[in-house]
Amino acid sequence: MGSSSTPAAAAQAPSRRKVALYLALLTLQYGAQPLISKRFVSRGAIVTSLVLATEAAKVICAIILLIAEGSLKKQFSNWTLAGSLTASGLPAAIYALQNSLLQISYKNLDSLTFSILNQTKLLWTAFFTYLILGQRQSPKQIFALTLLISAAVLLSVGESSKGSKGGSSDYVLLYGIVPVTVASMLSGLASSLCQWASQVKKHTSYMMTIEMSFIGSMCLLASTYQSPDGEAIRKYGFFHEWTLWTLVPVLMNAVGGILVGLVTTYAGGGFVIVSALLVTALLQFVFDGKPPSHYCLMALPLVATSIFIYQKYPYVDRKKKD
């Protein structure tokens, strides 16, 4: 991933099975999140309250995991404010904005259209990883990326004609398509910054999750003094139009945030996203009775082949090899 790992780092890295498990769980979370959010979050729920609750859940999950592995004291004994702000400050602010945009988009796009647009973060992650870390990709990895793009185009062609239910095309564009597209770009940038922090600043995934959630929450709380969401919270209360079921997508999103940190640290960019499109299509069939189109069935072997090629043939620096 651009720098040679030390024996200590190798010892601390999880096994391939664990990384594969992280990837599988993240794929399921990405695929199910749009459907779960549409079903369990009221359209009148305040976006900022949902994001803040998700960030708080992330912190709690990360602390529990640090306690479970017995490294909580060690992590906080080495913690400094300057180091935290340097490594986590910018990605935290970016992720806070990204999460708000995603919450808006969830409400105004059907699940599969949302997932299709959300996969564009692959391109942005590859771009920013190269720009920030100088992390190159082998010709075969570039071919794998081309296969993934082809799968996304197939799915887009098959599903985009269905459109989104409800609302004019202008409304869907402004409050559905634009937010998720901008969020995907921000996700690619933040993911690359997190990789930089884990490789250069030697920040662990769990600590970065805690730091970014806390800093991002502070940014959001500061924005509520002047934002419409802040006014709505003061007028109607933090849990306006929440139900007990609203906790399900909030907790799922929090677990997804933890998994993103682990996958970013140990497996690099997020190729799970295109696979999640197929999961979304399957879940839409299970819950809404919409069968996957033949485009989805054609995309499946492309996705499987691209993931295999990308993992099997990483970029090798010939100078270092010699």
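Any Cβ shown, glycine's included, is placed from N, Cα and C.
What TrEMBL says about this one:
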type	residues	note
TRANSMEM	44-67	transmembrane segment
TRANSMEM	79-97	transmembrane segment
TRANSMEM	112-133	transmembrane segment
TRANSMEM	142-160	transmembrane segment
TRANSMEM	172-194	transmembrane segment
TRANSMEM	206-224	transmembrane segment
TRANSMEM	244-263	transmembrane segment
TRANSMEM	270-286	transmembrane segment
TRANSMEM	292-310	transmembrane segment
Among 44-67, 79-97, 112-133, 206-224, 244-263, stretch most in contact with the transmembrane segment (172-194) (C-beta, under 8 angstroms): 112-133
With contact taken as 3 or more Cβ pairs under 8 angstroms (pairs 6 or more apart in sequence), are the transmembrane segment (244-263) and the transmembrane segment (44-67) in contact? yes
Cβ-Cβ under 8 Å with the transmembrane segment (44-67): same-chain residues at least 6 beyond its ends: 75, 96, 99-100, 103-104, 206-207, 209-210, 213-214, 216-217, 220-221, 223-224, 227, 229-230, 232-233, 236, 238-242, 246, 250-251, 253-255, 257-258
